[in-house]
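Q: One structure follows; several queries about it will come next.
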Amino acid sequence: MASIVNTQLSDGTFFGLGHPMLDVSTHVSNEFLQRLKEIFTNGNYHLNYNAGGSTQNTLRTINWLLDRPNITVCMGCIGNDESGKILEEQMENCLYQKTSDSPTATCLILITEQARSMITDLGAANRFTIDYLNKSENWLYVERAKLFYIPGYFVRTCPEAVFKLARHAANTKKIFALNLSAEYICQKFGDILMQLLPFIDFLFGNEQMKNNTNDDILPIARELQKLLIKNTKTCVIVTHGADPIILASNHGVKVFAVKRLSKIVDTIGCGDAFVGGFLAYWSLDGSIDECINAACYCAYECLSQTECQFTNKPLFNQTERFCELEDSC
């Protein structure tokens, strides 16, 4: 990764706004899911406590791939509790708003050989206010940043903050990236998303972009990209698990086949890691195709471990392909 070593990126280049969350995970058997109440009462399972949430997962991926812990800044709201303390210990460069009215957001993750089950309590994450973003000492980090990332989840929490960052990015010619995140975000907050489209450089999504199961995602991606009018390099990137990736840009539509992993350990944070890999490589002036390959590498590595933690060193090399161009039109 010589290009990363030779590229000068300042601390705080990436700014993320989202829901800080503590993931509490454990591996369980299928029998556990059948006897959940009884086992919770009498069982003895080892629990892992890790910083989670879509934005933190994406920023952690960027830190890992670029090997720069201070290159990202994350903002969100946590509670004045033990879970919040764990997040502060595990995460670097986080500007956490704190509240005593709600507990820190948590997500209980039960992992089996075949799948995962999650129960989420957003708690304090829903308490974020634009007043905290507007504080002069916090806004300095916004002015310093060159790329902003927000998941669709946050649109329902504090749309005022989302639009303020989007307008700042447009006025200062910085990058603004948004992830549609979930189907209910598209359904319930579609009007807000449509208003945001002119401010977006990179729009990420997956199957939630379909109106129904029979829709062809390719023309939807193409039409969405036409609404990204900010500059000539805007694009829509659509993933669908191990199925091909669709990239819609001003140059047309490309379809990339994804390299399959022989054994998947865990799917938690895979989509977040994909976004992180893409944005990280974009900051190195990589081509869109190179960014897609880097994104696939990060998703591939995430699938090989439990949660989006990246305890190993990155070994990414563009000569190794984690996706292949399948079609272009």
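Placement of Cβ uses the backbone N, Cα and C atoms for every residue, glycine included.
Nobody curates TrEMBL annotations by hand; they come from automatic prediction.
If you look up TrEMBL, you'll see 46-311 marked as domain 'Carbohydrate kinase PfkB'. According to TrEMBL, the active site, proton acceptor annotation covers Asp272.
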Q: Sorted by position, what residues of the same chain at least six away from Asp272 (active site, proton acceptor) have a C-beta under 8 A from it?
A: Ser54, Thr55, Asn57, Thr58, Thr61, Cys302, Cys308
Q: Can you check how the pLDDT averages out over the domain 'Carbohydrate kinase PfkB' (46-311)?
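A: Mean per-residue confidence for the domain 'Carbohydrate kinase PfkB' (46-311): 92 out of 100.
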